[in-house]
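Working notes, structure below.
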Amino acid sequence: MVRFFGIIVGLGFVSALIFSIIGSLPFEAAERTAVEDFHQKPRTLALASDGAFGKFDRKQLQRGLQVYNEVCSACHSLRLVSFRDIAALGYNEGQVKSFAAAHEVPSIDPDTGEPATRPGLPKDAFPSPYPNETAARAANNNALPPDLSLITKAREGGAPYVYSLLTGFRNPETYRNEKGEALPADSKPGTGLHFNPWFANLNLAMAPPLTSEGQVTYGPGNPKPTVDQMAKDVSAFLVWTAEPKLENRRAVGWGALGFLLIFTVLTYLSYRQIWADKKH
Amino acid sequence: MSFPWAEAYKPKSGFTQWIDERLPLPRLVYGAIGAGYPVPRNLNYFWNFGVLAGVALTIQIVTGIVLAMHYAANAGIAFDSVEHIMRDVNSGWMLRYMHMNGASFFFIVVYIHMFRGLYYGSYKAPREMIWLLGVVIFLLMMATAFMGYVLPWGQMSFWGAQVITGFFSAIPIVGEPIRQLLLGGFAPDNAALNRFFSLHYLLPFVIAGVIILHIWALHIPGSNNPTGVDVKSESDTVPFHPYYTAKDGFGLGVFLIAFVIMAFFLPNFMGHPDNYIPANPLSTPAHIVPEWYFLPFYAILKSFTGNFLWIPAKLWGVLAMFGSILLLFFLPWLDKSPVRSAKYRPTYRTFFWVLVIDVIILGYLGQAHPSNWTVLASQICTAYYFAHFLIIVPILSRIETTLPMPNSITEAVLSGEADEAHPVGVSATNPAHPEPAKA
């Protein structure tokens with residue numbers, strides 16, 4: 001009885017699928033879209049933190065923090081990171097305090113209760129450049145600059161994507177893809193948009209943020225602040241903001257693996273020993 | 001329960017005797033997973049996965065309880081509380097990544113466990129109840145995993161909740177009220193998040209309860225084995241301890257190595273980047289996909305595109321998706337072949353491997369960008385999935401010619417090994433009594 005009803009139900013589902021297939025025929029060839037023809041995969045970016053043994057390059061993270069602080073922070077918040085966290089980049093307590101104090105954070109006037117600001121303390125999170133989303137949109141042609149704390153984990157492609165995007169602005173009039181095609185007129189950026197083949201829909205509201213060598217002044221002993229170098233440094237920094245416990249995680253991982261390898265070898269040997277006289 | 005030659009528990013000291021007379025817990029353990037439980041001697045590594053599933057559930061419960069001490073089930077701060085765990089809680093990143101990847105490993109282990117059951121016919125008489133309880137556990141796991149994925153309140157959490165609760169609205173008349181009842185509103189919001197958290201904490205303990213029934217039901221007939229032949233004599237079995245405790249210990253080591261590699265070195269490999277964007281009801285992600293372990297069922301859902309027999313396509317999809325799991329409840333009665341193991345069912349084995357590949361392709365199609373060809377492929381694969389369980393297996397179980405089976409587990413173990421050393425007192429030409437019976 002179960003088999004009889006099973007076959008009936010099975011034929012029902014199969015018929016519905018055959019009906020679905022017939023209904024969708026003949027296939028209409030889908031037109032290729034500009035995104036399929038022009039969107040680029042992220043360029044390769046090698047960072048010191050890559051790989052199972054990777055460690056952050058602290059000098060690079062400090063440069064990246066400088067790029068964020070002087071360029072990105074004009075529009076983008078970093079709300080999940082606190083000033084105290086930058087001690088992990090190799091700053092001492094005094095440096096963290098003075099870095100924090102250089103930022104104004106929202107506060108309440110202790111005398112009047114009115115909204116006010118005060119110099120930041122290490123416990124404070126990086127302040128947002130705008131008081132709220134509406135203000136952020138109003139200042140940016142109705143586009144909302146995303147928070148950057150998790151950006152390298154929240155985008156397909158991670159840090160290489162961020163690096164590619166920052167260095168990927170092209171002139172829509174002269175740009176040619178690998179096949180030598182020019183951008184079709186209806187895919188050209190509208191008012192207030194900027195062409196970037198690494199962006200999901202090719203045109204984004206952010207203007208090229210890193211435009212010229214020396215936009216940020218690196219201290220002595222650092223590489224030249226070319227656009228490419230600044231983009232790399234800030235991408236490395238954003239890997240750290242998204243995953244501050246990365247090095248700790250890998251260290252614990254290696255410890256756990258070492259323990260488990262010994263454990264597994266021992267259990268394998270005892271398994272062999274116990275089964276030695278049993279065919280199985 | 002168990003076999004007549006099972007070793008009986010004998011208290012070794014006055015103290016254990018005192019315990020045994022008042023609370024015979026050591027006796028229970030001895031008979032369930034100790035030397036008092038005879039198990040077929042020929043189990044292969046596929047039989048490790050039941051224990052591993054139990055370990056995976058334990059990892060989830062232990063990490064989950066600690067995570068719940070730091071997590072805040074409130075739509076306003078849920079996302080930030082998860083990041084607080086990742087950044088500020090001592091070893092919070094480890095708890096969270098273990099919990100996140102532990103869910104995936106639980107499903108990997110359970111899928112292999114189900115593969116084992118299907119290949120070796122473990123669902124057949126007298127083990128139907130074990131199989132039915134297993135399907136119940138699987139359904140509870142899916143519900144738990146879905147609600148757990150909603151808790152971080154990222155974009156995929158929110159839109160996944162939107163899509164999955166939306167399935168219920170395909171049911172005529174009562175569908176929309178059911179959906180609102182599940183969500184506690186018209187769309188996922190604080191009410192939904194709170195009840196999902198409550199149920200996500202509850203269901204693992206329900207799973208643990210059903211696992212106890214699952215193991216209880218297992219101990220009535222005892223484990224199946226790769227030959228599918230019943231245990232006939234003491235020489236067919238070994239005591240669970242130390243033989244299988246040792247083998248499971250080794251399997252556990254291998255499992256944990258794989259788990260540590262993923263949780264500590266590739267923690268986000270099985271996740272989706274969009275879930276690191278806070279939930280935003282006003283912005284739909286370009287491509288909503290469930291977690292990988294739901295992808296074959298998601299492909300089945302999407303493959304029904306025509307309104308057939310006055311039933312709208314969406315309802316067909318929902319019926320098929322639920323039906324694809326519910327049909328497993330009927331499998332012991334759909335497959336009446338007396339031969340359990342696919343080892344001796346060559347035709348079934350071929351169709352079964354096609355099913356395995358079919359489900360893997362469905363998983364790929366579940367996350368692929370939809371095009372004419374992926375939809376057509378998922379329609380064909382879905383048709384095979386239903387045809388396999390509901391048409392091919394019932395017919396095959398009547399007409400298939402099976403291969404000759406060994407007379408006993410011991411014979412199967414010892415056959416083909418005539419030139420190897422044999423256990424004491426056994427001649428290769430007389431495999432019927434390969435070992436002297438133990439006193």
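The backbone N, Cα and C atoms fix where each Cβ goes, and this holds for glycine too.
According to TrEMBL, the feature heme c binding site maps to A:Cys72, A:Cys75, A:His76, A:Met206. In sequence order, A:Leu148, A:Pro209, A:Val234 are the residues near A:Cys72 (heme c binding site), counting only same-chain partners six or more apart with C-beta under 8 A.
Annotation source TrEMBL lists domain 'Cytochrome c' at A:59-242. Across the domain 'Cytochrome c' (A:59-242), the prediction's mean pLDDT works out to 92.
What TrEMBL lists as region 'Disordered' is A:106-141.
Sequence-distant neighbours of the transmembrane segment (A:251-271) (same chain, 6+ residues past either end, Cβ-Cβ under 8 Å): 52. If you look up TrEMBL, you'll see A:251-271 marked as transmembrane segment.
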Taking the centroid of the Cβ atoms of A:Cys72, A:Cys75, A:His76, A:Met206 (heme c site), which other same-chain residues have Cβ within 8 Å of it?
A:Val71, A:Ser73, A:Ala74, A:Pro145, A:Leu148, A:Pro209
For A:Cys75 (heme c binding site), which DSSP three-state class applies?
coil
Please work out the number of neighbouring Cβ atoms within 10 Å of the Cβ of A:His76 (heme c binding site), leaving out its own Cβ.
23
Other C-beta atoms that fall within 10 angstroms of the C-beta of A:Cys75 (heme c binding site):
21
